[in-house]
Amino acid sequence: MKPSSSNSRSKGHAKARRKTREELDQEARDRKRQKKRRGHAPGSRAAGGNTTSGSKGQNAPKDPRIGSKTPIPLGVTEKVTKQHKPKSEKPMLSPQAELELLETDERLDALLERLEAGETLSAEEQSWVDAKLDRIDELMQKLGLSYDDDEEEEEDEKQEDMMRLLRGN
């Protein structure tokens, strides 16, 4: 009362069928054909490689053999060397003209007014004002001018006035 062995095998899993010599030979030929096809397609260099995208004008890789379209002179020509222009230097002003420019400088006047009003300037502005005031002092010394001349004249006038008053004239 054993179940038949042939029925149980057919229902469970079938025995692996052996391939014939012809089938094995056919598979070998297919593998050899696939192996031959490895690498680039014939004529890929001339045709430009694989162009899977339909639009050739956009995003298509350029042919590396096609170069620039700019004309190249074939004869020997002398190169024209361009002279480098020196940077235009600031024109040298006379001390008198430079002093007048500094005295009429709007930025300097505005910053000095801010200082007189009690505002504090940034370090950059303060250093700029100091440099300009130092330059004004240098120019005034070169020209023989000083702020003290005006003050001395006023003091001399005051002294003379005092002397007149004391003398009683």
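Each Cβ is built from the backbone N, Cα and C atoms, and glycine gets one as well.
What Swiss-Prot lists as compositional bias 'Basic residues' is 10-19 (among others).
Remote same-chain partners of the compositional bias 'Basic and acidic residues' (20-30), defined as residues 6 or more beyond its termini with a Cβ less than 8 Å from a stretch Cβ, are none. Sequence annotations record features per position, and here Swiss-Prot assigns compositional bias 'Basic and acidic residues' to 20-30 (among others).
As annotated by Swiss-Prot, compositional bias 'Basic residues' applies to 31-40 (among others). Taken through DSSP, the compositional bias 'Basic residues' (31-40) splits into 6 helix, 0 strand, 4 coil.
Swiss-Prot lists 49-58 with the feature compositional bias 'Polar residues'.
What Swiss-Prot records for 147-159 is compositional bias 'Acidic residues'.
Listed as Cβ neighbours of the compositional bias 'Basic and acidic residues' (160-169) (distance under 8 Å, sequence separation of 6 or more from its ends, same chain) is no residue at all: none. For 160-169 (among others), the entry in Swiss-Prot reads compositional bias 'Basic and acidic residues'.
Annotation comment: Swiss-Prot describes 1-98 (among others) as region 'Disordered'.
As annotated by Swiss-Prot, region 'Not required for interaction with Der/Enga' applies to 1-45.
What Swiss-Prot records for 17-45 is region 'Arg/Lys rich'.
Per Swiss-Prot, region 'Disordered' is recorded for 144-169 (among others).
The feature region 'Asp/Glu rich' is assigned by Swiss-Prot to 148-157.
Across the region 'Asp/Glu rich' (148-157), the prediction's mean pLDDT works out to 66.
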